[in-house]
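Remarks on the structure that follows.
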Amino acid sequence: MPLSVNPPLFIPFIVAGDPTPDVTIDLALALEEAGADILELGVPYSDPLADGPTIQRAAARALDGGMTLPKAIQLIGEMRKKGVNIPIILFTYYNPVLQLGEESFFALAQENGADGVLIPDLPFEESSPLRELGERFGLPLISLVAPTSKQRIERIASAAQGFLYCVSSLGVTGVRETLPETLGDFLREVKQHSRVPVAVGFGISTPGQVAMLKEVCDGVVVGSALVQKVEQLALRLQKPDEREAAVAEFAAYTRSLAAPLREPCSSR
Amino acid sequence: MERVPNEYGRFGDFGGKFVPETLMLPLEEIEAELDKALADESFKQEYIRILQHYSGRPTPLTFAPNLTRQVGGAKIYLKREDLNHTGAHKINNAIGQALLAKRMGKKKLIAETGAGQHGVAAATVAAHFGMDCIVFMGEEDIKRQELNVFRMKLLGAEVVPVSSGNRTLKDATNEAIRYWVAHCDDHFYMIGSVVGPHPYPKMVREFQRVIGDEAKKQFLAREGKLPNVIVACVGGGSNAIGMFYPFLQDDVRLVGVEAAGKGIDTPHHAATITKGTKGVIHGAMTYLLQDEYGQILEPYSISAGLDYPGVGPEHAYLASIGRVRYESATDDEAVAAFQLLAQTEGIIPAIESAHAVAKAVELAREMPPDETVLICLSGRGDKDVQTMMRHLGAREGEDIATVG
């Protein structure tokens, strides 16, 4: 079934296996309960070209714990068994997919209840074979547009499936204090060309930013801010007697970020 | 042989552009400008003029009589890239890319470096053209190559230590790309080898082919025929592709030499084509060292310039069609060749180049005296003297000639 979602979308990102696979499942449950509409599950990678230091560190922690692409996909299966119901998008770099085998990758993802795939280093020009394969397995390949996409926006948007991921500004993932002034215009332009919801990510870390962005797009992706929270809570999340409280703290933080999306919009 | 790369930047199955969307436009802009520049006679003339009057090209072709005698086989020639300004072939590419950056109105350069030779070349051309330069370098390489770090700083560049991964070239390259993603509007990323997304492998080849073009003319003038074998070291592979490219259509055996480190049957090597598998690294499809799950492995070599887990996609292609043979030399073999060339010819090679010397000597020994071997001596070894001292167990002040 194609990924079908209704705005406004709150899309949190966490890294599979950070700090442990068990904790990742608990965090996914907490995110759903805190109002996540879609979960982006990051597959840790040794050389993440699109990520900043926060997610790099999380990936290193997860890799040290033995996380792999097949295990990350199987973790989705575990999440489903434990009651995570929201759509889950696998966020992985291309090389691990190549090594697993593209067809095996989609088959395993489908079998474990994934709902889509996002590959940040597979630009539009290189993505057709994978997009077609994804369609066969009912798993859309989420497209990205960036502020530099310019003439490419129309082409990319016309092929977009599920939702269209807008990169907020130049740069890698990571908390940013300010977003570019031109972001609103960029998002409005993307929305003109898109038939699917337009979500914005990279650098979004405060309820204020979420409130501002919901006026101009259909959803927000919050990654590094949540991953940073996981990093802060990592020790407590791994202690049996402290885990519940730490997960609750994570959920409360998530709710505070998602809250502005649930309030009535002034100009929608 | 088909003409490569094609319009998608592919060399057969290899190459392409596997980068975050943000970089697609900057890459398209570079591609368009590069094609215009390569077709522009005035650009080519300025490039050649700077190579001649600033870098000191053409570099000599040197016959190595003592080495030849000692080896006792084919005649050994050296293409002397070590005599370039800044001490290696890297300057050819740095001048070319800086000219292109200037044409595009970019005044800020980003570079990554392993042994420091590309960093020094980038810092040098930045000073020459009045540009800013930021160089990413792994902390481990900074330790191994402190002299080159100091040179870069003297030249006015900012050297940024990279602490991720193994703290070597792979990690410096990641960081340089990440920095470029954030600053692509006003920075030009000057890649130091024939690696990275299209059009870099093609661009760097075009700026390095001057090595092979010159060598071909010089060799014909000297010997009246082409060399039987050409040998060059391969990390990313820019000196090798620069040397090989003009000979690809000729009846010449081409041999690339990778770093076997402590041995290709150990985990401590950088023999990417010999031991690697197909995958994507730093924006291109090529052979790379990786585990079964596609995580990139840390390479190892005594040479900071060769310990890169990937290789230029054109080399991957040339290996796949069998046009170039890729072999490897260990740390110990390179060290022995380093000493051999120094002591027979009075030429101290870069430890990268010493890998090529090691293999060339081995090949020459098996060849008749009327045949010839040409080595691309990609750089000089001043930067590696300390590494050699450490490797040979010499203490400060001890007479190095008595060691080893």
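All residue numbers here begin at 1 and follow the chain in the order shown.
Each Cβ is built from the backbone N, Cα and C atoms, and glycine gets one as well.
Heads up, TrEMBL stuff is auto-annotated, nobody curated it.
A strand conformation is recorded for A:GLU40 (active site, proton acceptor) in the three-state DSSP classification. Per TrEMBL, active site, proton acceptor is recorded for A:GLU40 (among others).
DSSP classifies A:ASP51 (active site, proton acceptor) as coil under the three-state reduction. According to TrEMBL, the active site, proton acceptor annotation covers A:ASP51 (among others).
Summary: among the active-site residues (A:GLU40, A:ASP51), the fewest other C-beta atoms within 10 A of the C-beta are counted at A:GLU40.
With respect to their backbone Cα atoms, A:GLU40 (active site, proton acceptor) and A:ASP51 (active site, proton acceptor) stand 14 Å from each other.
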